[in-house]
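Visitor: To start, I am sharing the structure in question, which I have written as structure tokens.
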Amino acid sequence: HLQYITLLKHMNPEYIKGLMVNLHSSGNSESYQERLSRLEGDKESLILQVSVLTDQVEAQGAKISDLQSSLVEHQHKLDSTEEMLQQELLHRTSLENQKLSLMGEVSYLKIKLADMEGKQGQGAERQHKAEGLIKELRILKDKVEHLEDQKLQYEKKLKATKVKEISSVFIQRVYPHPYRLRRTQSGGLQAADPDAGQFRRGGLRATAGPRLTRTPESYDSARDLNIPFSQWTKGQVCGWLEDYGLGQYVNLTRQWVENGQTLLSATPQDFEKEMGMKNPLHRKKLQLALNAFTTKVIEKSSELDYIWVTRWLDDIGLPQYKDQFHEARVDGRMIQYLTVNDLLTLKVTSQLHHLSIKCAIHVLHANKFNPNCLRRRPGEERQPSPSEVVQWSNHRVMEWLRAVDLAEYAPNLRGSGVHGGLIILEPRFSSETLALLLNIPPQKTLLRRHLATAFSALVGTQATQEKREYGNATGHVPLTTTAKVKPKKLGFTQFSHLRKRKPDESADYICPIDSGTLTVNGVSRLPSAALRGLSPNLDRQPERREPMGIKAQANGPKP
């Protein structure tokens with residue numbers, strides 16, 4: 001009763017009056033004690049609900065605090081990982097700078113070494129100095145190789161650390177249950193060679209000089225031309241694939257091939273299905289070798305293996321593509337039969353680089369694929385002729401720039417694809433193109449005029465006139481460094497002709513085998529008079545060239 005009276009004191013008087021009226025009016029239907037007991041029950045139920053809700057709020061608050069602490073911890077981990085990545089990038093940048101400075105020193109010492117070799121007969125003292133320079137050059141080469149080794153290790157470490165740390169933080173945030181990530185093997189070269197990921201000297205650097213490989217037709221007595229390829233056993237075929245640079249396909253080949261006839265009668269689709277040969281250039285390499293076995297035509301280009309091709313890319317100024325060419329196992333025979341689509345597959349998209357490779361292949365054709373046809377060092381000639389300039393390597397062109405007082409711009413030609421064949425054979429390549437590649441500012445008109453004079457003296461009067469006439473012709477498109485080569489899109493009406501085309505159609509090659517004519521920008525033209533005398537192949541215009549590689553004698557190495 002006391003509680004009820006206290007409750008009535010805090011209520012509104014008008015509400016109490018109304019309540020009393022209601023109590024008197026409902027006295028017949030419900031008693032005062034029953035209403036009081038019901039109110040007590042409602043109060044207890046409300047108190048119980050409030051306590052339950054309070055417990056739930058406290059539990060949710062505890063969970064929120066735990067999540068906030070976990071988020072702060074992961075944020076700290078992410079910040080530490082970012083800081084470590086920044087340190088690794090700084091270290092890698094310093095290594096790059098050291099490498100560039102050492103490469104500059106190596107180039108300078110090479111120039112000194114060339115000068116000393118030219119004056120060897122003048123005394124024993126100069127001979128002694130030259131030996132000292134050779135030792136210094138070797139030491140610097142070892143340092144450069146060591147820095148490259150460290151660079152590769154830091155790159156691997158950087159990638160592994162970044163992937164591991166960021167993926168672990170992401171996984172812990174998103175997935176409450178721990179699990180393991182699995183990396184599937186991509187097969188190919190890595191699956192066949194577990195040590196391929198480690199840095200090995202003498203690999204893609206290809207600095208040990210040109211190396212000649214044995215032709216597919218000239219292996220040991222167990223599998224030579226006396227035994228037809230169709231009669232080779234399974235072991236002989238697998239051994240030949242291993243020697244030919246396609247060892248990653250030996251395991252599946254051993255399960256599929258019965259003898260050499262299996263490969264001779266197979267199609268490129270069979271190579272892909274049965275041998276797992278997904279790379280189209282690997283299939284092309286194998287198909288060309290099998291065609292050589294079938295026709296028994298010994299091509300001079302087959303003596304140049306894929307290691308020599310990596311050095312050749314250095315000589316023509318395109319070392320950035322050595323990894324792609326090495327992975328595709330591009331050798332001398334494939335160089336001879338390269339197409340535009342093959343270069344696009346090798347990620348060569350620059351129009352200038354396409355022309356560089358085309359002119360370099362033409363020089364190889366003209367010299368019957370002599371592995372030593374390119375000149376890397378200056379000779380005794382004072383005024384070289386176009387027939388000599390066409391065989392200059394990228395390094396020899398840089399030496400010429402130093403000789404004409406443009407040494408500060410010479411390093412800009414690294415990776416540009418400029419060599420003597422491109423300078424002489426490509427009519428769109430002019431002194432303006434060279435100035436663009438050398439990054440000579442347009443406002444330095446005197447310097448550009450000096451370069452144009454030296455360039456005209458280098459290529460000769462007649463070639464300069466022909467380049468000028470070609471540039472003044474209607475419809476001429478200047479050669480730029482940013483132009484890209486796009487794959488040809490076939491129209492709907494051209495699909496019906498795909499099966500009629502021959503797979504060895506010479507018009508598809510980037511440099512047709514018949515070098516009596518040059519195809520420039522899709523237009524066939526005879527080589528200019530300035531190029532006459534480069535080789536006997538260019539001088540015989542009325543006659544048809546003999547097929548490449550029919551037991552041709554190799555030229556001796558150039559001095």
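Glycine is no exception: its Cβ is also placed from the backbone N, Cα and C atoms.
In TrEMBL, annotation is done automatically, which means it is predicted and not curated.
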Visitor: Which stretch, out of 130-164, 165-199, 270-304, is listed as coiled coil by TrEMBL?
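Guide: It is 130-164 that TrEMBL annotates as coiled coil.
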Visitor: So what's near the domain 'SAM' (392-423) in sequence-distant terms, Cβ-Cβ under 8 Å and 6+ beyond its ends?
Guide: 104, 107, 111, 314-320, 350, 352-353, 355-357, 359-360, 362-363, 374-378, 429, 434, 437-440, 447, 450-451, 454, 458-459
Visitor: Under DSSP, the domain 'SAM' (309-367) has how many residues in helix, strand and coil?
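Guide: Going through the domain 'SAM' (309-367) residue by residue, I get 43 helix, 2 strand, 14 coil.
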Visitor: DSSP on the domain 'SAM' (392-423): how many residues come out helix, how many strand, how many coil?
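Guide: Helix (H, G, I), strand (E, B), coil: 21 helix, 1 strand, 10 coil.
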Visitor: Could you give the number of helix, strand and coil residues in the domain 'SAM' (232-296) as assigned by DSSP?
Guide: 48 helix, 2 strand, 15 coil
